[in-house]
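Attaching a single structure in structure tokens format; questions to follow.
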Amino acid sequence: MNTTASYHPPPSSQPPFSDSDLDSDSDSENFQVGSDLSNSIFKTYLEFSSSSSSSSSSSITAVDLSKIQSFLTSSSSGALSCLICLERIRPSDPTWSCSSLCFAVFHLLCIQSWARQSSDLSAARAAARLPITAETAAKQATWNCPKCRSSYSKSEIPRCYLCFCGKLRDPPSDNPWILPHSCGEICNRPLPNNCGHFCLLLCHPGPCPSCPKSVKARCFCGSVEDFRRCGFKNFSCNKLCKKRLDCNKHNCSEICHPGTCPPCRARETYRCRCGKKEEEKDCCDRDYRCENECKKLLNCGKHVCERGCHGGDCGECPLQGNRTCPCGKRIYEGMPCDGVAPVCGATCNKLLNCGFHRCPERCHKGPCVETCRTMVKKACWCGGLKKEVPCYQDLSCERKCLRMRDCGRHACKRRCCDGDCPPCSEVCDKRLRCKNHKCPAPCHRGACAPCPIMVTISCACGETHFEVPCGTEMDQKPPKCRKLCKITPLCRHASTSKPHRCHYAACPPCRAPCEEEYPCGHKCNLRCHGPRPPPNPEFTLKPKKKKSNHQTECTPGTPCPPCPELVWRPCVGEHFGAERMMVCSNTTRFSCDNLCGNLLPCGNHYCTKTCHPLETQPSSSGHQKRSESCEVCNLPCQKVRMPKCSHPCPLPCHPGECPPCKVLMKRSCHCGAMVHAFECIHYNNLSEKDQVAARSCGGPCHRKLPNCKHLCPEICHVDKCPAPDKCSKKVTVCCKCQTLKKEWICQDVQAAYRDTGNDPKDIPKNQFGLGLLPCNSDCKRKIQEVESALQLRKPKVLEKKEPENKKHGPKRRKRRDRIQEGKQVSRFQEFVATMKRLLLFIIIVAALIAVTYYSYKGLLQLSDWMNEVELQRAKRRRSRF
């Protein structure tokens, strides 16, 4: 629960201040010295003007002293700057101040250089434009104040360092109780308005205030008399003026005013000068002329007045007395006024309007020709063209003047310029030294005038302020104000914050701890960074401040930074012993280097990934964060099926029991004659007895008996065939030469082999029963017959092979003969082929030479033909012209 404590200031006369108000000793001493200087300077003036107790006089006094007070504040705070170099004016620097309008202070060296350059430039312009010598132009040259542009003569260029009032040369700068650049004596300069009194202030910068003496004065209209300050003795009584106007008929109807009364505006009907027309006019416009001619009869009684509307007598007839011809060469005496003077017949010879030639016509009535048509040789204004033209016609060329104007940057570019190029009409628009404005003057030569704008630097309450030249406000120190700041803090410590003095720009930051609670439950331990009241926009820019070496903890007006407290955080996999200490506001989840180790969805294996989130977890900010899933198990199913079978599960690793095995099992019958196909699940679910019954083919056993070559006579059965020695099949028994043959029962044959000491199993099947019978005489005779037949066959085979070997000899010889004949034929063919190749090469060379010759000859003929065509074309063109 937050508690707020009210602040009660101590009962002492001096209010408490915050830490930001503790200034250095030098600043406080400067402020005290500045306040003492202003009190000492205004002391005499305030004592003299204290006799006037009216509120109007006190307000007038404050207005008079405001500009001087601003000068004093700027001087005492070190904010006085030179407009020319924009550098700070130190107390020991020689200065000069304008005494016309602005009273600005400049460095003496800067104003001397400025005045010399300006006067030299004005003298050069005057010598180039006016018909005067350079010496005369240098004597009459003037220079202007850089700020108010007041004009000074060349003799008024300052040559020495004087105080503000001009009485003391090189005033001291080491006395802390005297204003810098001041003599410390009474100013004693004549006050404005030429009242005859003198300034009572100590030597001071700026204009002298109005005269504080009280005199008896009348208002502007003279109807009211009152005691007034001498500097403001001219006043208005705010009543009607009632002065007699110039018409001596009406009175002034304006409120009491200075100067002469305005023209009378009373409306009445008045006649014009000739008296023919009446109009309603203002009294000030009563004497007017109409637009008609006079037409009154003159004294001669024959002519009328041809003058416009006028007053008084029309005068005598202009045609009376001696008269002349129109050209004035012949005089006629005693001629009546109504007679027409004849022409003399001589040349008119009157000077024409051009001023150079005379009228070539005979004496004539009326005006001469207006345009002189005499042909003269004229030159244009720039002198680049000379031509004979009529006298009345001006000659000008189209050539542009390339001379540079006075600015030295732009050319004249006038057509046919006479050499007197006008001043440059472009705007200078150069960036001034203040770097905030551009030169608004016409384009000129030399340095631009300093920026005339003055910037006011003020405290927050606006009561302490001073003016500095534009461009130097960033280098000035803010004014020191002793009053309390009236701005209410905007942070949460407004009720407990300490008051501070009036300041420049924004209020200082609050130094109390923030202690605002985070959503996590911790509190902010930084210095208060709540919103700060903005600076008053009516005041000037902020001055440059020294960069602090330490960085601020938090920017004022920003929310609290993230919570910096340290807490223990588990890894994303929540492994035991893998916790880390992290910043509370750091919601970044980390992964340890251990394996995940969590059971996969298959329920048979474990995750081998590096530590990662297992499922969707709520974050500290309140919203859900999607986590990374465990790896997918890609291993085959390794479970043992129930009932057991040799087939693996076809599915990948999965939870729960495996599906029934539907694999078809091939099982032969017991005798091997037939193959049965069973479903694994069906076959394995049968008992051993049912499996034996299911595998039986139901037919006779097709297995051979072990002691003979016969098949088992029983039905398909398991294990060995029963009674293999009891075979009842018949077997053919023969002697060794297979001449004698008999049929025995198989079991007798087996018994016979056993009697001879042989096992029936060892007897090959194709020799089963062979040699059991003894051979007789028939068997021996048959063997002899076979051997004799073989003997007869051997010689016949040898005789047949010998003639075949003899036939191969002649064939080889013939082949050799053919090869030799072929070799002889090929040599002749090679010679013929060589001759053919040589002939072909000669033909190709001759063809190439012929083609080259005839192509060159053709090109020469083509070139000759083209030349002939060109000559024919040229002749045709000449014949046309």
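Backbone N, Cα and C define each Cβ position, glycine as well.
Annotations for this protein, taken from TrEMBL, read as follows:
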type     : residues : note
REGION   : 1-34     : region 'Disordered'
DOMAIN   : 195-213  : domain 'NF-X1-type'
DOMAIN   : 247-266  : domain 'NF-X1-type'
DOMAIN   : 300-319  : domain 'NF-X1-type'
DOMAIN   : 354-374  : domain 'NF-X1-type'
DOMAIN   : 407-426  : domain 'NF-X1-type'
DOMAIN   : 434-453  : domain 'NF-X1-type'
DOMAIN   : 491-512  : domain 'NF-X1-type'
DOMAIN   : 602-632  : domain 'NF-X1-type'
DOMAIN   : 645-663  : domain 'NF-X1-type'
DOMAIN   : 708-729  : domain 'NF-X1-type'
COMPBIAS : 797-807  : compositional bias 'Basic and acidic residues'
REGION   : 797-821  : region 'Disordered'
COMPBIAS : 808-817  : compositional bias 'Basic residues'
TRANSMEM : 838-856  : transmembrane segment
Six or more residues out from either end of the domain 'NF-X1-type' (300-319), which same-chain residues have a Cβ under 8 Å from its Cβ atoms?
272-274, 276, 289-294, 337-338
Please give the average pLDDT for the domain 'NF-X1-type' (434-453) in this predicted model.
83
In the same chain, who gets a Cβ under 8 Å from the domain 'NF-X1-type' (434-453) while lying at least 6 residues past its ends?
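Here the qualifying positions are 83-84, 86, 117-118, 121, 144, 146-149, 405-410, 423-428, 469-472.
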With helix taken as DSSP H, G or I, strand as E or B and everything else coil, how many residues of the domain 'NF-X1-type' (407-426) land in each class?
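Tallied per class, the domain 'NF-X1-type' (407-426) gives 0 helix, 2 strand, 18 coil.
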